[in-house]
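Chemist: Residues annotated as active site, electrophile in Swiss-Prot: HIS90. Taken from Swiss-Prot, the feature active site, proton acceptor covers GLU159, and the record attributes it to sequence analysis. Summarising the annotation, Swiss-Prot assigns substrate binding site to ASN6, PHE7, LYS8, GLY165, SER195 and lists sequence analysis as the type of evidence.
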Amino acid sequence: MILAANFKTNHTRKSTRHYLERLSNFLFETSCEHDIFLFPPPLALDFFDDIGGVCIGTQNAYPAPSGAFTGEVGSEQLEELAIQTILIGHSERRGILGESQAFCAEKFRYYASLGYTIFYCIGESLEVRRAGIEATIRHNLSQLEGIDLSYPKLIIAYEPIWAIGTGVSASLEQIQETHAALKAHLSCPLLYGGSVNLSNIAEILALPEVDGALIGSASLKVEDFCQMIQKI
């Protein structure tokens, strides 16, 4: 099972260090066999070398080694920090920052060429969801245009936009139906994200169509994230 915590723009270097130390100790003490990933804020990406049991990834990077891309991080900087995992296509970057499907695909191609583990996000708006399951699947598949679905280090996270940060997760029936339809087109792991928390993670991950979870705000407290790991 794959569990990934996305801190977004939360936590400082100090609090991230504290979080990772406690999480690493917990994973060691419980002999955790799950694959645990964490996407911290960019200023804490250098906590890679001495933290065991957790794979650290970047929430974003520009598809170039370096260059005149103000405010961005390139692969040259990530290489120095030994980062080999990246999150691409999150709805907040698509919606708030205007990242197009073409740009997400460009990022994918570039970081796939470098052998990165890629968490690639897809998800629909409430308007699309209300149009029915066929419209929902068409929309999500359109967000996979330009993505090599046979790439061996690809992990896809289905995150319905209307469930992200709202506290309202998709129903188990919606998750199961959507994952089953998407899996007909995929061979890679398919995670669920969207208001996953302590109260619903066990039942969501009990669905055979779900291979793990990408967790946002509910993962910000290390005690809660550890409890979620224990529940699966």
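Indices start at 1 and increase along the chain as displayed.
A Cβ is built for glycine as well, from the same backbone N, Cα and C atoms used for every other residue.
Predicted, not measured: the structure shown is a model, and the values here were computed from it.
For each feature listed, report its degree of burial, its nearest neighbours and the pertinent distances within the displayed model.
Modeler: Secondary structure from DSSP puts HIS90 (active site, electrophile) in coil. Counting only same-chain residues at least 6 apart in sequence, those with a Cβ under 8 Å from the Cβ of HIS90 (active site, electrophile) are ASN6, GLN59, CYS121, GLU159.
There are 27 other CB atoms within 10 A of the CB of GLU159 (active site, proton acceptor), with all protein chains counted.
Around GLY165 (substrate binding site), a 10 Å sphere centred on its CB holds 13 further CB atoms from the protein chains shown.
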Chemist: Under a three-state reduction of DSSP output, how is ASN6 (substrate binding site) classified: helix, strand, or coil?
Modeler: strand
Chemist: Near the Cβ of SER195 (substrate binding site), how many other Cβ atoms are there if near means within 10 Å?
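Modeler: Its Cβ has 20 other Cβ atoms within 10 Å.
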Chemist: For the substrate site made of ASN6, PHE7, LYS8, GLY165, SER195, how many Å separate the two farthest Cα atoms?
Modeler: 14
Chemist: What is the Cβ neighbour count of ASN6 (substrate binding site) at a 10 Å cut-off, with all protein chains included?
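Modeler: Around the Cβ of ASN6 (substrate binding site), 25 other Cβ atoms lie within 10 Å.
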